[in-house]
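Working notes, structure below.
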Amino acid sequence: MVRKNCKAGDQHLAGLSGTWKNTLDRYPDTLLGSSEKEFFYNEDMQEYFFDRDPEMFRHILNFYRTGKLHYPRNECIQAFDEELAFYGIVPEIIGDCCMEEYRDRKKENQERLAEDTEANEATDAPLPPHSTPRERLWRAFENPHTSTMALVFYYVTGFFIAVSVIANVVETVPCRPPKGSVKDLPCGEKYQLAFFCMDTACVLIFTFEYLMRLFAAPSRCKFMRSVMSVIDVVAIMPYYIGLVMPENEDVSGAFVTLRVFRVFRIFKFSRHSQGLRILGYTLKSCASELGFLLFSLTMAIIIFATVMFYAEKGTKGSTFTSIPASFWYTIVTMTTLGVCLPPTRCFSSTAVCFHPTAAHTPPPPPHHHHHHCCCQCVCVSVCVCLCSAVIYYLLFKESLETSETGSESEICQKL
């Protein structure tokens, strides 16, 4: 990396990452600035050689040159910590522009490692010789590959989950009407007994699985508060409520509403799919960014719906009778759906132009400079759209009031 006998006027530096020796001596508490680097000196090549990641070393070398340490966002946080530990650089000297990002990534990594460690200890750690049946049962549920019976039960529950979801969909499909009837009946009503027996079998399997998991859980209170436990209860609850609910018209509507909760059975696949678990963890990690996106879209919808309502106020036959009634028009316009909408072209174009800006603007990173620039871009885009909406309202308000037809669409077509 650097010549041992390098002088101030010597321009022959080794490698692409070469630097002056006195640059390294400014930090004697680190590996490269202390005598410990002599251990890595190559007599044949007359240079110091460190078998480390060259991409990561670029940031280390930049610290020696400038005195400022930055955290590369595209690098693994654990690998970055290992490089800092190897070169004897403490993480506390990371610049303020990167410290917040570094701490967030560090916290996420520690939480992930803690969860992985807990899961591995619960599934991969060998059971003690005198383990109880409850511990062995929990191990079978959490790691089905430990035994043949656990693997069979794993696939059986997965099969019944698929059957339950498919039956829930098929029972709403119209079937051929019976003889002497003209009206089509849903398959769930025509073959009511068959679907009831199928649903009963699925619910019994789900109930048995839930009770066994509750019995074998190391902490029953923690298990009952978990997300998957709540999904299990919600998935089987409509069946048992339907058994005890009297059959009359007063409660039939409430029972139909409860049957909607059967769709939560599809979330039981998350126990059988690693991809779904990764998706859930991703959504959890990006909750703040998704919240920012939802907030920006909500703000734009309210602004455009308000302007749309007052622009169309007093027009005969207008569908924008209130600001909430204008929400749907604004939403489907910003999402470029435009289904069964009045052809209000000027306002639609303004809303459509705002949507890519709001939806595809990246979430503000913790770096102060980039955060400031990103906030400026968002504020400018919002102000431009707001000003265009106000100008639209002022220009067309008089035309809308004096027009014979009173229709904004005809005015736009004339223009």
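Heads up, the Cβ atoms here are built off N, Cα and C, so glycines get one too.
TrEMBL annotations: computationally assigned, not manually curated.
Checked against TrEMBL, the range among 228-246, 323-341 recorded as transmembrane segment is 323-341.
Sorting each residue of the domain 'BTB' (2-105) by its DSSP state yields 47 helix, 7 strand, 50 coil. Confidence across the domain 'BTB' (2-105), taken as the mean pLDDT and rounded to a whole number, stands at 80.
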